[in-house]
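Only one structure is covered here, and it is reproduced in the block below.
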Amino acid sequence: MESALTARDRVGVQDFVLLENYTSEAAFIENLRKRFKENLIYTYIGSVLVSVNPYKDLEIYTKNHMERYRGVNFYEVSPHIYAVADNSYRSMRTEGKDQCILISGESGAGKTEASKKILQYYAVTCPASEQVQTVKDRLLQSNPVLEAFGNAKTLRNDNSSRFGKYMDIQFDFKGAPVGGHIINYLLEKSRVVHQNHGERNFHIFYQLIEGGEEDLLRHLGLERNPQQYQYLIKGNCPKVSSINDRSDWKVVRKALTVIGFSENEVEELLNIIASVLHLGNVQYGGEDSNACITSDIQIKYLARLLGVNVTALTEALTHKKIIAKGEELMSPLNLEQASSARDALAKAVYGRTFTWLVNKINTSLTYTGDSSKNYSVIGLLDIYGFEVFQHNSFEQFCINYCNEKLQQLFIELTLKSEQDEYEAEGITWEPVQYFNNKIICDLVEEKFKGIISILDEECLRPGDASDLTFLEKLEDTVGGHPHFVTHKLADAKTRKVMGRDEFRLLHYAGEVNYNVNGFLDKNNDLLFRNLKEVMCMSENKILTQCFNREELSDKKRPDTAATQFKASLAKLMEILMSKEPSYVRCIKPNDSKQSGRFDEVLIRHQVKYLGLMENLRVRRAGFAYRRRYEVFLQRYKSLCPGTWPNWDGKLSDGVSTLVKHLGYKPEEYKMGRSKIFIRFPKTLFATEDALETRKHSLATKLQAGWKGYSQKCKYQKLRNSAIAVQAWWRGILARRRAQHRRQAANTIRRFIKGFIYRHKERCPENEYFLDYVRYSFLMNLRKNLPKNVLDKSWPTPPAALTEASEHLRKMCMQNMVWSYCKKINPEWKHQMEQKMIASEIFKDKKDNYPQSVPKLFHQHLLIFLCFCPQYAVPVTKYDRRGYKPRHRQLLLTANSAVIAEEGKLKQRIDYGTLKGISVSSLSDGVFVLHVPSEDNKQKGDVVLQSDHVIETLTKLAICADKINSININQGSIKFTMGQGKEGIIDFTPGSELLVAKAKNGHLSVTAPRLNSR
């Protein structure tokens, strides 16, 4: 906790005892404000925990947080509800004494949530077994059930507990929770029949209507609309944004099963809840003096659900039984009396059912182990805080009386624990002046003279007793009491703010005006005898336990509500006095339930009513700070050279040495037997500030020493590692070199021996050499394979691989050919086919063939606009007479060869009539198309010359299918000139190409020889 003091300017102090101006309420609230602003909702007053409701989820309740507070000294960590829970648990385990945690605060301050967090802490951190886990589950699941039946939405809180609860958690010798017991106090039964505007009835009614299954609602005769029921519309608030009744219903149904309710018990319990709603819808009519029920459907549903006779129930709701002189008389009720009887029955049924429910939960939590084994107990008291409203009635009177008793107990136990600690440490106890509220408790509870006794007397006396006669009786009896005032007894100033039907009590927390209207009725809490008789005859097993038949035979008048509450409160005080208490004071920061909003006026009001300033004053009456010697010395020993770094002597001597060095004055501290007591917070603050300054120099020294040590260790480690790696690596290199030399020597030896035996049959002596030769050839072959099909190179194989080499060469060539063919596209394939035909015809036969091989054949060498022949080429035609050259075009179609002149058809030669084609073996381009001489359409053979003679004749041979009809002549070619005449073309080699008519009448063609065949 001390470590947080350095940030006290920003987040305040974690313990109000350390406030310098501890008597200032403003300083107290300012410290609360600082911590609330930083989401620090917990603060201590010594061992008392002050909790401010944040109205939002804070990530401080995880399992990790539970482990952080588990088994840790109370002041070693920051304030938390888990610290209080763990401290009580460890005290119970180590000291063997029962503990209790008292949680108080006004509605909406977070009391119920605080008790839940404590239960969850014990459920997670305590030892567990299968049986223990069942108890844990039932303890946790009892909360949603009790909240459903005992909590309601009020103006101040959406989940306000409308009853007080004390829960005992029983632990075995191992520290595991093995059982529990719950006591409930003063359920607000009046809420069943009436709610203020903006408030709701108990949650269970809305959960049943919203979440109940259709079949269940049909069986209970209910509609899924709260507005249909008189007991649910008084507050005009059927739905609340922060409450999901449908999901809460599922939680409650599951919880009832976990706790151990059977299906029949759940059904009967829900029948009772539904009967209360139907009871509120019972309507009366008739004359004022003789009421009768007008809603027959409601009374039938009601009788069925309660398990009673319809007629008997109808009569009991409209008549009352009077016993006079031993005779029983039935007296009719007027409309007002009948309505009051109906409401009284509703409150009695619900109130007794709630008591049965608590007893049922207690039965499921009962410790079933060996009764001879003792168990320890931690009690949780979740009870209403001091209440002051605009209109305060009987309920506020009982609640504030309860808080007076708790405050009295709190002050007594706080002073006692302080005094016990001082005596244990040998410190002189200085008497503390404080307000003793015993005088107020006596005013309320004193026999014969107290307010409760006067109220009971007024309720019991014959005659016309009323609330005003009760007030007059108070004025007569306790009118002179200094803490009691009425309008009649007050001064003129006070009368202005008090009604004539009010009395004022001066409580420890302030003045409260109580309105006496309704005091007598609420205190009597009577139910007509005939209504009890009807309930006792119920077939509902829960109601038969709630309404005992022995009540009917007991002539003694039951105790009043105030007397019962007084007796139960006295028992509670006995329980708390027998246990070691811890306190949680809950504060509501604002009335609008907004997170982050801090209403100073409201908080000052609660600080006053919770008695926190009185508590702080008592705690600070002596010494503000105390710690065990070992804790104090361990934290601050660095501030003194004599105690730093270690102290070997007695702890008390070490602390004395330390405080003398720090300059503590004698009046600032006292030395106890095991603790040091510091009177003023400023002394502790100065020590903490000195420690904060000292930390920097200590940190610097520690860092320097650690850095030097760590670097030295790091260097030594690196050096050793380097030496080890070097030695290891040198060994590896040496072994590798030796291995390499051995392998090289063996290889050379085997190679030489193989070379010597290389010409012999394969044997162990030459197999390595032969394998190496083969391997070398194959590797060489791999690197020097032919690049294409025209590449005929091939490495020379060794003698042993000649046959294999030949096979590989063929396979390689086949593979290249296959790969080459696979890559050829259709156009190129067509070219190749033409080139193959040209080769077949002209290879080694005509001189200019080799020059045509690398040249591609064209589709057309002319452009046509009218039609597109298969091939067209310009040619020179020589006349038959005189051999005069004329420019023509040779067109190849599908059926014929056409000779044209500038688009005009000159001659058509059908392929069928073409007898043959003649060409010379020289490099000229002259060729002759032979046609039949008897064909009248033809004038003789055609002599043509083409610059592309190889391409032209190949195309013509393909189109005319005359591949074998091309004649390649040497010397001369004869052709028919028409009319039976023949012509001759003479071919002679020369230096250049020349075509002319010779003197002998022949056509002379001179062409150079380009290739010698």
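Using N, Cα and C of the backbone, Cβ positions are placed for all residues, glycine too.
Using a 10 Å Cβ-Cβ cutoff, Gly110 (ATP binding site) registers 24 neighbours. Annotated ATP binding site per TrEMBL: Gly105, Glu106, Ser107, Gly108, Ala109, Gly110, Lys111, Thr112, in sequence order.
Feature annotation from TrEMBL assigns domain 'Myosin motor' to 12-692.
What TrEMBL records for 831-1009 is domain 'TH1'.
Residues 32, 36, 45, 47-55, 81, 84, 87-88, 91, 95, 97-111, 114, 156, 166, 183, 185, 377, 379, 381, 385, 401-402, 405, 409-410, 413, 597-599, 602-603, 606-607, 610, 612 of the same chain lie 6+ residues outside the region 'Actin-binding' (569-591) yet bring a C-beta within less than 8 angstroms of a C-beta in it. Residues or ranges marked as region 'Actin-binding' by TrEMBL: 569-591.
Counting only same-chain residues at least 6 apart in sequence, those with a Cβ under 8 Å from the Cβ of Ser107 (ATP binding site) are Thr154, Arg156, Asn157, Ser160, Ser161, Tyr384, Gly385, Glu387, Lys588. The ATP site is set by Gly105, Glu106, Ser107, Gly108, Ala109, Gly110, Lys111, Thr112; from the centre of their CB atoms, other residues of the chain with a CB within 8 Å are Asn53, Asn157, Ser160, Ser161, Gly385, Cys586, Lys588. For Gly105 (ATP binding site), other Cβ atoms within 10 Å of its Cβ number 26. Model confidence over the region 'Actin-binding' (569-591) is summarised by a mean pLDDT of 88. Here the Cβ of Glu106 (ATP binding site) has 23 other Cβ atoms within 10 Å, regardless of which shown protein chain they belong to. Here Thr112 (ATP binding site) comes close to Asn143, Glu147, Asn151, Asn159, Ser161, Asp382: these same-chain residues lie at least six apart in sequence, with C-beta atoms under 8 angstroms from its C-beta.
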